[in-house]
């Protein structure tokens, strides 16, 4: 019989930890929360200081029974749920369900699942932190009050299945506000003049800067013609050469937010997928002889702190692998305040000695890609800054200035290991300039004016929305991925080219919430609520006070909405074609991944089909069908014949109407970093890339 029972959330975690602790310990899984508010009722007694009425979650009865039996046999029970508010709440619910002494040292926390970390954590058990529990409970009750009061009104006035929440409503507002900015945007004309210049046999690029040393904007073609008329000949004098050495510091190691952003940029992962794979890496991977080991630290964190042990291991690794000159400078020590929040670390590999290249045999493709990203980011964060030599050159002709900028990596530093996703294209090539001295003469080879128009702000990607939510203080590490998932499942937004587009339904719901519950979608109000919850976690505020302050005004608004909110009828958008199964009109519907066609006779007829987008090109294979744009299971655009499966023509590149002038075969548009280039699929014919 085992002397000690340890309870964690998942079987994978249990298996790993049990091996580290030895025969005296039995580790079992609670499979997440065992108690929660009931789904069939609000479950909050408003008259009794918002007292929650918890019940055992459906299906968890057998799990609890097994845990109770094991707990009675054990000398001591340890609760080792995750090291955050949610984990503390799970431990508290388990303690209640198993009749454990809440004043006993039954709580064990760790940031990584490795032998040393687990052994060390069991040397320092503590009481359940009720401040953390209260913060989680306050969030849960707030979300229940908002959801349980507003959602039924939306069901009655708009349609079934809708929901409203504090964080999801603000996220929806950000997306819709951005769409309004885009629609209201008025493009403004501007021009640039770019030149190609010669110094001996070397060419370089420079752009028009201004006149008589002052920057001069070009707002029209008339402005450009005026400048071109003032240029005299093709000789330019090098008037000013500025050389500087610039340092570029590495990014900090990952938090939950920055991991989700970078995984979206570099790996094309959705936030939900990133967290799922990170959970696998945290809970443990079977490494063969070494057994099951957690490869990364806990993945729900907003801290960039690194333990001294991890810093020292990274320093030794960098010194040995890359050399002393690649070591980072003076490192900040770990925080001394070891409360629950400060005790969190950044997301990092549990050991830098487990290099990604050595784990290929034991990791799946996506696991490997995410681990490599985390490993490289952490190692780079402990390395020396990169050093760049920059050079700025002013060329003059009749008082007009053209400016050339160049840079060269003098010392790669951390860039030897990792460069942030948004900067990859910028840093791929050095922008070199010839050896130019003040007073030199250079010749212009080509002067090209080009018209431009200012662009509206871009729609939000998942990465950008997560970053904005974090910057505005909305939500916490555990809420970003579920929030993005919810607004898509409800049909409030759809993804178009990996960017969020609000739907008509999303606009209707937001308009109603803005009219009747303005504080719910107020960014500053929601951010203040998050800060208040943090104050509860820190033990500085009572959770009941926060909810009471919120509910007094909220209840009045609920009553007003119930009596004054008008029913909204969403008119169907007809597609102009009939259902091939029942002859009813087909209508456009918005799903999680965008628009699709559905029969208006639903639910009697459940016919649906994707919207086919023709590109106006005949199929080059069969000559009968038309080429249409389609999407793969991974949402990648490709092109195929609309006679499929009779014709199986497919192409990743977009076919065009013109034929190759050399061989008469199909031409396609290929996307390159320089722009879109027309190429022949058979011969070597290529055209100049177009931006």
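Just so it is clear, glycine is given a Cβ too, placed from its N, Cα and C backbone atoms.
Note that the structure is a prediction, hence the values are computed from the model and not measured.
Look at Swiss-Prot and you will find 298 tagged as active site, O-(5'-phospho-DNA)-tyrosine intermediate, backed by sequence analysis. Swiss-Prot lists 9, 82 with the feature Mg(2+) binding site. Look at Swiss-Prot and you will find 3-114 tagged as domain 'Toprim'. What Swiss-Prot lists as domain 'Topo IA-type catalytic' is 129-558, and the listing cites sequence analysis. The region 'Interaction with DNA' annotation in Swiss-Prot covers 163-168 and is backed by sequence analysis. Look at Swiss-Prot and you will find 33, 139, 140, 143, 148, 155, 300, 490 tagged as site 'Interaction with DNA', backed by sequence analysis. Taken from Swiss-Prot, the feature zinc finger covers 579-605, 619-647, 660-683.
Structure with Swiss-Prot features highlighted.
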residue : record                                                : DSSP class
9       : Mg(2+) binding site                                   : coil
33      : site 'Interaction with DNA'                           : coil
82      : Mg(2+) binding site                                   : coil
139     : site 'Interaction with DNA'                           : helix
148     : site 'Interaction with DNA'                           : helix
155     : site 'Interaction with DNA'                           : helix
298     : active site, O-(5'-phospho-DNA)-tyrosine intermediate : coil
490     : site 'Interaction with DNA'                           : coil
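Rounded to a whole number, the C-alpha distance linking residue 143 (site 'Interaction with DNA') with residue 298 (active site, O-(5'-phospho-DNA)-tyrosine intermediate) is 25 angstrom. Among the recorded positions 33, 82, 139, 148, 155, 490, the ones whose Cα sits within 10 Å of the Cα of residue 298 (active site, O-(5'-phospho-DNA)-tyrosine intermediate) are 82, in sequence order. Shown in sequence order, 42 are the residues of the chain, 6+ apart in sequence, with a C-beta less than 8 angstroms from the C-beta of residue 148 (site 'Interaction with DNA'). Proximity of distant same-chain residues to the zinc finger (619-647), defined by a Cβ-Cβ separation under 8 Å and at least 6 residues beyond the stretch ends, is recorded for 495, 498, 593, 610, 612-613, 653-655, 665-666. Panel annotation: around the zinc finger (579-605), residues 488-489, 491, 494-496, 501, 503-505, 572-573, 611, 635 of the same chain, lying at least six beyond its termini, place a Cβ under 8 Å from a Cβ of the stretch.
For residue 33 (site 'Interaction with DNA'), the recorded positions whose C-alpha atoms fall inside a 10 Å radius of its own C-alpha are 9, out of 9, 82, 139, 140, 155, 300. Its Cβ placed at the centre, residue 298 (active site, O-(5'-phospho-DNA)-tyrosine intermediate) has 25 other Cβ atoms within 10 Å. If you take the C-beta of residue 155 (site 'Interaction with DNA') and look for same-chain residues 6 or more apart in sequence within under 8 angstroms, you find 161, 162.
Every protein chain shown contributes to the tally, and the Cβ of residue 139 (site 'Interaction with DNA') ends up with 26 other Cβ atoms within 10 Å. In the predicted structure, the region 'Interaction with DNA' (163-168) carries a mean pLDDT of 90. Around residue 82 (Mg(2+) binding site), taking its Cβ as the centre, 23 other Cβ atoms fall within 10 Å, counting all chains. Around the Cβ of residue 9 (Mg(2+) binding site), the number of neighbouring Cβ atoms within 10 Å comes to 21.
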